[in-house]
Each structure stands twice: as structure tokens, then as C-alpha cells.
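Straight from TrEMBL, the features:
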REGION    1-30  region 'Disordered'
DOMAIN    151-457  domain 'Phosphofructokinase'
BINDING   Gly158, Arg221, Gly222, Gly246, Asp247, Gly248, Thr249  ATP binding site
BINDING   Asp247  Mg(2+) binding site
SITE      Gly248  site 'Important for substrate specificity'
BINDING   Thr275, Ile276, Asp277, Met320, Gly321, Arg322, Glu376, Tyr433, Met434, Ile435, Arg436  substrate binding site
Amino acid sequence: MESAISSPLSTSSHMLPSPSRSSLGSRSHSFPSLPNLRYPSFKSRCFLGIPFRSRQTQPIRCQSSNQQPAKDDGFVIEDVPHLTDFLSNLPSYPNPLKQSQAYAVVKQTFVSTDDVVAQKVVVQKDDPRGVHFRRAGPREKVYFKSDEVRACIVTCGGLCPGINTVIREIVCGLNYMYGVEDILGIEGGYRGFYSKNTLRLTPKVVNDIHKRGGTFLRTSRGGHDTNKIVDNIQDRGINQVYIIGGDGTQKGAALIYKEVEKRGLQVAVAGIPKTIDNDIAVIDKSFGFDTAVEEAQRAINAAHVEVESVENGVGIVKLMGRYSGFIALYATLASRDVDCCLVPESPFYLEGRGGLFEFVEERLKENGHVVIVLAEGAGQEYVAQEMQAVDGKDASGNKLLLDVGLWLTEKIKDHFTKVQKMAINTKYIDPTYMIRAIPSNASDNIYCTLLAQSAVHGAMAGFSGFTVGPVNSRHAYIPISRVTETQNTVNLTDRMWARLLASTNQPSFLEGNELHERVDKEDVDVINHNMRATSI
């Protein structure tokens, strides 16, 4: 099979080899049979079997070699911007890794320009080929001379295990792999660009920061002023910007890229997505998540020991998870000592048949103790109704959460002492800041290294306005808009949630039909949102 693209520049379909036959060039290189045509827009999308279309180009199509009528195989690349998109005469240079001792033994030093990563790997026979992203890694050509690079690194938003490892590996990657020596640390988040001093970063300076929690560069929420930030980038002669932060931070990174493009600056903007909640879309998981799940075990184990040692012990552990309950879900599955897990995605109720009170009573009669794990975002609507709270937001625009852990502890205590006339011993543990402030574990350290080095390779290769992360275990360059347009949440009809219910034997708090109706409505809302975005 061969693939061809319908171009607004031509009325005929031109034949191109499919990606598996080494045909997809980088954005900075032309197609073999279309000298003046670049890749489709990095925002191409498709839903519900509609042919994949770019926002700026026609569908990517598949034709057989015997010139039969075109058959749309649904293949699409969601590509990332490149500096040559607006700086067409930008020169390229041989990659310094050609002389690297470390890479001398590597069979294939450079990632092929044809390599892409599929977003979906489990498909049916007749399914479209679907969305693909450009594979991350070093390219044969770079668009910066090492001695002309002035890079900067900034961290924004909340803390997360592994931030310091990412900082360290960006610095060491730039220096050891590409010979870059001019690297700045922006202190205090986005506002540090225009209100704080910078810090000179070298491999020696960052040598052991991965052993510490928090962020070596300090952080803050808010403070994003695109013009001020780009003015500072321009004034300081910075030409590579590495931005570590969550979805709000990455939206800011996209604005910085757009302003850089508008001004025609040779500045590569690379995002490294960060969130302890694992709620970033597209990528497999976020760095620090494994560490958070592992550290949560200590709190769960402590709660279990406490309630097992007394009569009618009820342990409640509140974990992080504003809108997504992944930490609570995975910590529960890992523990085996949890009787019930409550997440923001799954509503629950307290009283009546099949309610939480009934379940707790049954477990107390059966085992003499019960352990409940809940994400901080679970049950917020109940707490808000009872406390008549006014909606508030932090500097990042996130909704301020009420303490559902304390609320649930008091509700259980009141129900069993006043209504059931049963003496219980409640133990409430909130390890939130203990979990997010620790250094990353071995698994996350390796992951952070891959993220940092992939970002460095991408920036040196001239890509910009991108974020990096694993998609089906292969690191890829992803348009920033794809990781910020929606949040990753626990799917209540997925097997992972079923595994949790089977492990704890807790009620789902929803009947099957009600659950499917709820999830189907959410799916339709997401599809409608994406279809509207595609038509922009």
C-alpha cells in the first residue's frame, strides 16, 4: 500500500510511500514527490469514523500501487511545529552525537524521520490506522550550534517527586551530549522571568539535586504574562526554553511559543508535563506517579495497623486526586488492605441500602475493622452542600477543595455512635504533602531521565511548541494542545476499575445501566468538544 495526500496546491493525488516504507519526512524536509509541500498541520484529528482531516490540509489517503480508487485508511500524524515553519532559511548542522563516545556503540544513533508512534495499539481488523505522533529522540541534523545555545529551565505549579531529576538531566543532557555550557535556571516559576534573578546551571551545580524533594529552582502558581516573558527571553538571548509543569503551565508554554513564532525568533519551546495526579491526556503516565503510589502505601499500612489493633476500627486515608482518582486507585490495588476506594469519577452515597454506611457496618461485623481510601476530590458536592461553601480558586485557576476526609470521618462517627449506637474508633490520616515532597524513586528517576533527554533532542532538532511523553511505552513529541484540551480520568467502565471492585469487593454505588448512561454521556460530551475544536 502507498499513501498520498490531497493538497490544496494540486488537483491530483500524489503517491507517497507509507510510513512503514520510509516516506514520512520531518516537517523541515519535503515529501519526495511534492517538493513544495510540508507535512499536514499538527492539529489533524478524526472522530467517529470520519476521515482524518487536518485543519489546514486535505485527508491523508491510502492507495494501492495498481492505481485503484483511493481508500481512506485513516492514518494521520499529529505533528509538532518546527522552527523552519516560520524561519524557512534556518541552516542545519550535523548532530554532535556523531562524535559522542556514549553513542558510538549504538546500532542506530538517530531516530528515522519516518518513525511514528501509534496512539492506539489495540485495534480491530477493519479499524482506521488512527492517530500517530512523531517519535522522540536524536535527529541526524540539528538547528543550533552548541556554542550558540543559551537554554533556560523553569518549574511551575505544585510540587511532584522527580522535578529535580528532570532539571538535572536537562542540564547534563545539554552539556554531555551536545556540549552546551550556557544554561540558566529561572527561579520562582513564570514570574521569575521578569521579577527574579537567574541561576547559572552546570552539571556540577545540579549533581545531587535528584536526591532532594521539591524543586531546586523553586516554583509558584500563576504569574504568566506572555509579553513580559518573551521580552525577557529576547533580552537575555535565550534560544531554548524548557518548561516543567501541569496543564495550566503547558497552556502558558503554548502561548509563549505562539508569541515567539509571531516575532520570528529562533527559540525552541519544549514542555515537560508534570502532575502527581496522573491526569495528563495522551501520555501513559506522568512522572512522580509511581513514587506517589509507593509512598501512599506507608499511610495505608499505618491506617491498617491502627484499626486492626482496636475494636471496630475505621481508618480513613485521604490521597491526592483533584479530578482524577488514579493515585487512590493504584494505591488501593497495591495495598490489598483497603476495603473501599472512593474517587472523584464515581459518585457515592452514605445512607440507605447499598450505601457506604451499610458497607462499613458489614465489614466491621465481618472483620472488626475497615480501611477507606479516598481521593481529595471525591464527594466534594456533598461537603459543599453541607458547609454551604462558596466556590474559590487558587492562583492556577484550580477549584479550592474542601476537606472531604475530615467530613467523612465525622459523618461515619456520628452515624455509628448516634444512630447505630455502636462504639467505633476512627483514625484519619492525610499524607498529602508528605507524598508530594519526597524525592522520586528509582523507576521515576529513569523515567525523568528519558523525558529530559527526549526534550533536549527535540529542541536541538528544531522542534518547538511541543511536549514529550510516552505513548504506548514509546516516547513521542506531542502538540501541547493535545495534552491540555482534556484531562485523563478513571474510566468506570474500564477493566482497571473492575479489578479494583473485585479486589475490595466494595459496592460500585451505581447500577449497571446508570453507570453506562453516565459514562456514555461523558463520552458524547468529549467527542462533541473535540469535534468543535476540529472545526476551528
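Using the three backbone atoms N, Cα and C, a Cβ is placed for every residue, glycine included.
Heads up, TrEMBL stuff is auto-annotated, nobody curated it.
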Cβ-Cβ neighbours of Arg221 (ATP binding site) (radius 10 Å): 20
Per-residue Cβ crowding (10 Å cut-off), top of binding-site residues Gly158, Gly222, Gly246, Gly248, Gly321: Gly321
Average pLDDT across the domain 'Phosphofructokinase' (151-457), rounded to a whole number: 94
When distances run from the Cα of Gly246 (ATP binding site) to each of the binding-site residues Thr275, Gly321, Glu376, Met434, the nearest one: Thr275
Longest CA-CA distance among Gly158, Arg221, Gly222, Gly246, Asp247, Gly248, Thr249, per record bound to ATP, angstrom: 12
Long-range Cβ environment of Glu376 (substrate binding site), under 8 Å and at least 6 residues apart: Lys318, Leu319, Met320, Gly321, Arg322, Leu401, Val404, Gly405, Thr432
Cα distance (Å, whole number) from Gly158 (ATP binding site) to Asp277 (substrate binding site): 11
Spatially closest candidate among Thr275, Met434, Arg436, the listed binding-site residues, to Asp247 (ATP binding site) (Cα to Cα): Thr275
From binding-site residues Thr275, Met434, Arg436, the one whose Cα lies nearest Gly222 (ATP binding site): Thr275
Cβ neighbour count (within 10 Å, all chains shown) around Thr249 (ATP binding site): 26
Of Gly158, Arg221, Gly248, Thr249, i.e. the binding-site residues, those within 10 Å of Arg436 (substrate binding site) when Cα atoms are compared: Gly158
